[in-house]
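J.: Before I ask anything, here is the structure I am working with.
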Amino acid sequence: MDVFHVTDLDGNKLIDEGVISYLEKSLATIHCGKPAASNDLTALELTGTDRVGLLSEVFAVLAELECDVVEAKVWTHNGRIASLIYVKDCNSGSPIKDSQKIDTIVGRLRNVLKGQDDILYAKTSVSMTVTHTERRLHQMMFADRDYERKPVLQHSDDSPVVTVQNWVERGYSVVNVQCKDRMKLLFDVVCTLTDMDYVVFHGTITTAKDRAYLELYIRHTDGTPISSEAERQRVIQCLQASVERRTSQGVRLELRTTDRPCLLADVTRTFRENGLNVTRAEVSTSADVALNLFYVTDALGNAADVKTINSVREKIGLSCLKVKELPLISQQKTEGEEQGVGVGGTVLFSLGSILRRNLYNLGLIRSYSQA
């Protein structure tokens with residue numbers, strides 16, 4: 001039996017019956033996180049060295065090759081970039097299945113990703129299968145070994161603290177993660193452990209103000225705990241990376257406008273021409289309306305200048321490109337809520353981190369209990 005205490009993104013009690021009903025239904029079913037419409041799209045997977053203007057070049061190539069970008073997510077971490085871009089043919093509106101055109105797309109995008117100094121590690125591939133986008137991004141960055149690279153941006157006080165110790169008497173390895181609370185934190189940590197062939201048997205997650213504390217009891221899929229110092233350090237590195245990948249660096253810009261050909265190419269070119277680097281992006285379209293989120297910094301990874309942001313907004317459109325503040329999580333928690341007090345050891349979650357049952361249904365965790 002699992003008990004969750006949840007709030008909305010501002011730390012307030014849920015009172016919307018529609019949201020509560022949606023939670024109940026989604027938690028009771030397998031929910032892979034991708035709409036059925038994704039079956040009608042072609043997925044492009046890209047990894048390479050991040051640089052200013054890279055997304056602009058990628059979207060320009062796709063526009064030139066008459067690929068309509070319907071959805072996309074872009075993560076950057078430690079100087080690397082991973083992106084899943086879902087496209088369809090501009091003319092037919094169908095998935096791109098022509099092998100010659102696919103080869104052209106892959107070749108052009110690989111050349112863009114290679115640039116001048118990433119000949120060995122830049123990768124481009126095409127998939128016709130439906131996948132969970134965010135879990136796939138974790139897998140792509142894990143395969144790219146981003147966790148071994150030196151950070152380009154320092155995460156200062158928000159850097160996650162991860163410890164791993166063995167509980168010899170019970171045959172578990174105990175993982176503790178302390179970091180800033182945010183949406184999908186539990187999902188990110190558990191996905192990474194699963195992809196590293198570990199199974200989560202028990203765990204406790206609590207939050208206090210804006211901090212999250214995770215304690216997970218894990219074993220290998222063969223039932224054994226972590227057996228060496230090198231393996232312990234690797235787990236620590238990978239979990240730190242899993243938390244940092246989704247950390248929002250920079251100013252959050254929201255673009256909401258009528259979708260049109262070359263929209264993303266034009267917007268990201270404007271970012272590039274003004275020296276802005278995109279650290280994370282989410283692209284979606286619904287009923288011919290484009291809703292895109294961009295997190296941008298200057299070329300060196302520092303906070304973008306206000307004048308630069310205003311200039312970009314004027315060029316793209318003040319009414320459609322707006323600066324959005326991140327939602328405040330758990331700002332107004334009471335003392336009792338901060339400590340996660342409840343019957344039977346229940347814990348407090350931020351809305352968006354309560355995917356435990358979905359993870360179970362997806363086979364990501366075997367069992368879970370609050371101690």
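Heads up, the Cβ atoms here are built off N, Cα and C, so glycines get one too.
No curator has checked TrEMBL annotations; they are predicted automatically.
Quick paste from TrEMBL:
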DOMAIN    43-127  domain 'ACT'
DOMAIN    252-331  domain 'ACT'
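On this model, are these features tucked inside or out on the surface, and what's nearby?
T.: Regional average pLDDT for the domain 'ACT' (252-331) in the model is 90.
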J.: Reported in the order helix, strand, coil, what are the DSSP residue counts of the domain 'ACT' (43-127)?
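T.: When I sort the residues of the domain 'ACT' (43-127) into the three classes, I find 27 helix, 33 strand, 25 coil.
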